[in-house]
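Notes to accompany the following structure.
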Amino acid sequence: MRITQGERESSGEFLMSREFYGVLIGVTTLLVIFLPKSLFLLVILFLCFAISREVSVALGENEVFYFSPLVLLTYYFADPLVFPLIGLLSLYFAYKRWELNSFFKSTFLLFYPALFLVYLIKIKEISTYYLLIFIFGIWINDVFAYYIGKNFGKTPLFPKISPKKTVEGFLGGVLFGSLFFALTLPYGILNSFLLGTFVLTVGVAGDYFKSFIKRQVGIKDFSNVFGEHGGFTDRFDALVFSAPVFYLIMCAGELNCKL
């Protein structure tokens, strides 16, 4: 069976499309969720390094990102040590440039994303099922927000930060994501729906925070490693911001978790 030129072009377009990268990210993430704890930790450390590197390059602090995985490990294994460590590292990088602005950037980069991503590990320690539910809920919100906003969106939510995101997309994403949480979390339908709404709203805030940084530094995406999805920071922003909130909710019903 011969493949026509048109079929080749169509196949090539799909491989570069948003849908292809979405499926690729989704399948890879599902495989990662079920990894043993030690391998899962390595993946989170890589994600921490990748996100920190993208944001560091965008902010012009190219040396700081090496230390972000170290901060994550320090907080995870010996949390009282993390804050003095962050302070010392921030002062070191500020001293090299002798700029207060550099101190604030360095401190931010050492906190972000390390002290957020560590909660993905903590969620998995409570239950792989909860981690699966959390990530699926974020995905459902993202997918419905994108397609509802694209097809029905008329009202910009925060046009100065992200003019393409709409009120309709936001409400649609949060509605369907919260319905998923309502059907899967063990807190009753109404409570689970409301908890899901709160978690997803925090995730949307993370998305806007990322957009704010991009607008400040004048870039469209933090990288193009995932094609139209952008970079690691663009793809996992909502997940990063909402992980601590979801973990705290899970802790409310568990006795074997710690902050």
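Using the three backbone atoms N, Cα and C, a Cβ is placed for every residue, glycine included.
Residues or ranges marked as transmembrane segment by Swiss-Prot: 31-51, 69-89, 103-123, 129-149, 170-190, 193-213, 236-256.
Against the transmembrane segment (236-256), stretch 193-213 shows more Cβ pairs under 8 Å than any other of 31-51, 129-149, 193-213. A Cβ distance under 8 Å defines the sequence-distant neighbours of the transmembrane segment (129-149), meaning residues of its chain 6+ beyond its ends; these are 22, 26, 29, 33, 120, 123, 164-166, 168-170, 172-177, 180-181, 184-185, 196, 199-200, 203-204, 238-239, 242-243, 246, 250. Using a cut-off of 8 Å between Cβ atoms, the transmembrane segment (103-123) and the transmembrane segment (31-51) share at least three residue pairs, counting only pairs 6 or more apart in sequence.
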